[in-house]
Amino acid sequence: MFQSEVFAVAFAQLAAGAVIFTLNVLLLVIASLLYRGGHIIFFQSPSLLGYCLFPLDVGALICMMENNVILKMIVVCVTLAWSSWAAYPFMSSAVNLSRKALALYPVFLMYVSVGFLIIAID
């Protein structure tokens, strides 16, 4: 793959993921109007995802230096857990306690797909 194609795939994946994540959270907040829930602004969500993606960026830089697949998988698993843990506090204020898992699941899936890109691309 050329570098421009890799960038295009990663950019499109993160942009689509941010839109889907935001719509998911907005629908969860609307569904729980009877319960005192938080709110989220549309542009707050991509910003949140970008900040929480930083550990995976560091993991990608580490994986670029070493070509060992086992090391890449360990680094990606650690940075994936770090990124997911960083997104958790932001979600606690946006949705109802009983719906946190529904809100965090798409974020985790998006971070897993980014992790697969890190492992697969040399």
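Even glycines carry a Cβ here, placed using N, Cα and C.
Nobody curates TrEMBL annotations by hand; they come from automatic prediction.
For 11-116, the entry in TrEMBL reads domain 'Yip1'. Mean model confidence for the domain 'Yip1' (11-116) is a pLDDT of 81.
The annotation transmembrane segment is assigned in TrEMBL to 6-35 (among others).
If you look up TrEMBL, you'll see 47-64 (among others) marked as transmembrane segment. Counting same-chain residues at least six beyond the ends of the transmembrane segment (47-64), those with a Cβ under 8 angstroms from any Cβ of the stretch are 14, 17-18, 21, 71-72, 75-76, 78-80, 82-84, 86-87, 90, 107, 110-111, 114-115, 118-119.
Residues or ranges marked as transmembrane segment by TrEMBL: 70-90 (among others). Nonlocal intrachain contacts for the transmembrane segment (70-90), taken as residues 6+ away from its ends with a CB within less than 8 angstroms of a stretch CB, comprise 48-49, 51-56, 58-59, 62-63, 100, 104, 107-108, 111-112, 115, 118-119.
Per TrEMBL, the feature transmembrane segment maps to 102-121 (among others).
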When the domain 'Yip1' (11-116) is classified with DSSP, how many of its residues are helical, how many are strand and how many are coil?
88 helix, 0 strand, 18 coil
